[in-house]
Amino acid sequence: MHGLAFFLFLIIVALTLIITYFASKRTRTTSEFYTADSSLTGWQNGLAIAGDYMSAASFLGIAGMIALAGFDGFFYSIGFLVAYLVVLYIVAEPLRNLGKYTMADMIAARFDDKKVRGIAALNTIAISTFYMIAQLVGAGGLIKLLLGIDYVYSVLIVGVLMTIYVVFGGMMATSWVQIVKAVLLMVGTFIISVMVLVKFDFSVIKMFNEVKTATPLGEAFLNPGNKFKDPLDTISLNLALVLGTAGLPHILIRFFTVKDAPTARKSVVYATWIIGIFYILTIFLGFGAAAFVGYNKIVAANPAGNMAAPLLAEALGGDVLFAFISAVAFATILAVVAGLVLSAASAFAHDFYSHILRRGQATEKEQMVAARWASIGVAILSILLALFAQKMNVAFLVSLAFAVAASANLPIIVFTIFWRRFNTTGAITGMIVGLFSALLLVFFSPNVWSPQPGAAILIGEPLFKLANPGIVSIPLGFIAAIIGTLLSSQKEDNKKFDEILVKANTGINQ
Amino acid sequence: MAIREHSLMEHTSIDYTKITQSSSFQQLMRAKKKFILPLTLFFLIFYFALPILTSYSNVLNSPAIGPISWAWLFAFAQFIMTWALCTLYSKRAANFDEMVEQIKQEAKEGGSV
């Protein structure tokens, strides 16, 4: 039964390696390595953003959550999508106009200060690493379930592949792996959704009626409140979802792959359509799994519900569809981790090595060597952490990444573009408080502490009751940036802000 | 090294403060603010209305169309809202692009040294 799935996995591996081979011929300069020489079209980047963003957590996690908890699972779909309005309205164009290779470039365009760049780079590395560990641990478990390959080998296979894409093919290979994955994921999701609809005679009403009796929750399945009991926690989660995306480094660097701000805008619009359609279809995946696979079978395969979509494929289309959807899930993982390696490596090589350590004096060749070694270093570190975290429940690391992005990055990005009075001290205090408040609150949260042995990582009462820190840490990040600015004796640099204002809004002198 | 000098030269040749004081730039900033600020507030309120209503009340649990409750309709409305605001923004941004072109033109002609 695993024969076909294994064959499709090999095809995906071969396809991505061919992409990498061709991309490697166009990956000789730092600009090509970090941004594919800003040569992508709006459509290509739109698909790549979608491919970068729709992780296995989205595809498998949300489908499972909707199948098990009904409406509450759909909260994620909504938040992940509406977040793109924040990206489109506030962040994408100024970022494209001010930055070069990394998010820290944008902040450094205004505050040419080593500390500011260093902390911004640190935040990028922290966010990308949390996200990557969650993806790799999920990948290891998933491939084990789908193919029967041992966890350690699964993580190593994914780890080696992502390293090859990034080291040899840089942003060009990463982008095209993401584009291919986005197309595969949309095709796979669409096929399952249509099959689910056929089963319900193309009637959404009938589908809603039937899931009422399909799960142990009964009619409550369709109402909110099955998963999220605490109102404050629900709102906190929604806050991190909607504001976090605009601060995720691996998404932000995608805007440097197009030539100018209008193209960056177009790519967000395309991405929003694709991502929106995908998240609408998660209802069919979730409801379909609830109706045709059944609660018991989903939970038996994986308590978190991650196997709901592949099991639904099996129930509807037999071994062939199961193999195809498994291969799609595999491609999904590869595309996301490649983007994460690239974003963390660019913070190490471009921000720390080229700008801070070498003060911008490194030659092009030295920078390329640094970029490649940084990618290898990031990959090895992540693989080791993922192997170490095998037995831990690390799904919360994704929400932690969103919380840090919203608490530490977003305030600084917004103030850099819009606030004349904002200064270096404010940037530093905002980033540090945003990062550490999110980290500490998660450390003391129910994600890490539970009185029940085995339910979380450590045993004991959580000091902080919310699973999602956003509602506290995001305001703290903003307030710290404001207080730091106001308390500092630095005078406001009007000339510099005029320059930022013109550059951010017009793209003059790029 | 050559690239650094080049960008340094360009850096000093543009008077950004003068551009910010030009009427065309101020017009762009006003137009953007008038569009972006109210709509950002709108979509944030629209978005948070859903979890706030579902967490603190049951009003959205009543059926709207057959078995589909208002909560689901409001959830679908979030998608429609996002796509609508996306389309609206790209339409308006075409105007912004024209204004930017004019500012660039003026900066070039104005000999802002």
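Positions of Cβ are set from backbone N, Cα and C atoms, glycine also.
Caution: TrEMBL annotation is automatic and unverified by curators.
As annotated by TrEMBL, transmembrane segment applies to A:6-24, A:45-68, A:74-95, A:116-139, A:151-172, A:179-198, A:235-256, A:268-293, A:369-389, A:395-419, A:426-446, A:466-487 (among others).
Using the rule of three or more Cβ pairs under 8 Å, pairs at least 6 apart in sequence, the transmembrane segment (A:426-446) is in contact with the transmembrane segment (A:116-139). By the Cβ criterion (under 8 Å, sequence separation of 6 or more), the transmembrane segment (A:268-293) is not in contact with the transmembrane segment (A:6-24), since fewer than 3 such pairs are found. Panel annotation: around the transmembrane segment (A:116-139), residues 55-57, 60, 102-104, 107-108, 154-155, 158-159, 247-250, 306, 333, 336-337, 340-341, 343-344, 346-348, 351-352, 355-356, 378, 381-383, 385-386, 389-390, 392, 394-395, 397-398, 400-401, 404-405, 408-409, 412, 424, 427-428, 431-432, 434-435, 439 of the same chain, lying at least six beyond its termini, place a Cβ under 8 Å from a Cβ of the stretch. When Cβ distances are compared across the two stretches, the transmembrane segment (A:466-487) makes no contact with the transmembrane segment (A:45-68), since fewer than 3 pairs at least 6 residues apart fall below 8 angstroms. Distant neighbours of the transmembrane segment (A:235-256): 34-35, 38, 45, 48-49, 52-53, 75-76, 79-80, 82-84, 86-87, 90-92, 95-96, 99-103, 123-124, 127-128, 131, 171, 175, 228, 264, 267, 339-340, 342-344, 346-347, 399, 401-406, 408-410, 413, 466-472, 474; these residues of the same chain sit at least 6 beyond its ends, with a Cβ under 8 Å from one of its Cβ atoms. Under 8 Å from some Cβ of the transmembrane segment (A:395-419) lie the Cβ atoms of residues 55, 57, 61, 90-91, 94-95, 98, 103, 106-107, 109-111, 120, 123, 126-128, 130-131, 133-134, 138, 237, 239-241, 243-249, 304, 426-427, 430-435, 437-439, 442, 447, 467-470, 473-474, 476-478, 480-481, 485, 500, 504, all in the same chain and six or more residues away from its ends.
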